[in-house]
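One structure is given here, and the rest of the page talks about it.
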């Protein structure tokens, strides 16, 4: 054995170094929360209509009301059409007044928005009519960036180390996040958002912290990252309320990540990673420095026990499907993570459609995650993993289904129910991290949890696209978001309970594994 675990105990399970790492992870946690949901506040709902200023050439003295009455058709509700106009004609004003205009066409000269409206993505890039779907597509592309980043930065972190990948990702997030504020075209905006999403998967501060922290203190680190992500959502509500200009909001949310580089000297490499790569002398120096930081002393004979670890062959993806009991665990847990992410983002990205003030709703959505994350620790111990996972998924789904039957003129009831659903989905996410890590045997645990995480990210990509179905009926998206977790939750009944059982090391063990703690997966909040 390498002895790195014993040495880390001598260094200190949760000393000054580990606390600094946890505090340092707060910066990217808050930044991730901003980038995850900031676009919701950059596309406000505003009135608009086709630009029909062509008639000013023949009627310069027309009032705005007269101009609109002459050039815009009205819908069945008596309101002016937003996406069509009467076709321009080469007539004088008297002829237009006498005969009127009948032929209609799509807006050909842009749109007119309220003059007092601060610049937004909608008004600058005309995300209306034929281009209104680009809003949800852009959010899906950001989610695709998360998936792409995990596929690129995960292996890269194992190859070149945690520290350089974190620094590269922080730099990318800062530069491209700041660059978004200066993009000239919406397609450039989407490309930059994709890079920002990818960088989120590369900032594995929670993983680095867990590799330095003792087993008993790991739940504190994971819980801190979860709560900071929730606080970041609350800060976003206040920030977007105070800064209505989307470009200034993007700058305000992207610049703080650069403060991370002021603490670059505090950020160590993972001693565990150095040992696995055979870089023993570097690991020794780092461990001695860590001990000094924690005001501990390391006996020389303890350091001499540090030897390169023998490479342990991990199980492959196929191993998850070779054994019948693992097939069931893999398929059901992947489904559980998928529907969990599906309903979480289905509710989170729908914050503008619940009817109440979006800033207050976002504040409530962020605040409710804190007790949800903390509370799930106690429910896991009291009721076990299977019951907790099942009930929370079913509850989040049922809430969405109830929302579909609430009239549009009852925004308070809708928002309260949505907040309950967000509470259940958030608590369920924390539960799924623990449950998945306990269900998969050691040799395939990383592969299994990675597959579940990938399923969650695919759901994150699909969630904003499902919202597009709302143009056919407002209840369709929420009905889909509700049905999926109910079915996924019921499937969890088929899983074994893992509370208090022994750990399975290989795929041949038929019994479920033991409880390994909240930080077992080594996955941060952005693993969603």
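Cβ coordinates are placed from backbone N, Cα and C, and glycine is handled just like the others.
Looking at the stretches 310-328, 329-347, the one that TrEMBL records under the feature transmembrane segment is 329-347. TrEMBL tags one of the stretches 390-406, 509-525 as transmembrane segment, and that stretch is 390-406.
Checking TrEMBL for transmembrane segment across the ranges 106-126, 190-210 points to 190-210. Your range for transmembrane segment, going by TrEMBL and the list 68-89, 222-243, is 222-243. Long-range Cβ contacts of the transmembrane segment (249-267) within its own chain (Cβ-Cβ under 8 Å, at least 6 residues beyond either end) map to 20-21, 24, 27-28, 30-31, 34-35, 38, 41-42, 163, 166-167, 170, 173-174, 177-178, 180-181, 208, 236, 239-240, 243. Stretch with the most C-beta contacts under 8 angstroms to the transmembrane segment (190-210), considering only 21-42, 222-243, 412-436, 448-469: 21-42. Taking every recorded stretch in 165-184, 412-436, 475-495 and counting its Cβ pairs under 8 Å to the transmembrane segment (448-469), the highest total belongs to 475-495. If you average pLDDT over the domain 'Major facilitator superfamily (MFS) profile' (95-500) in this model, you get 88.
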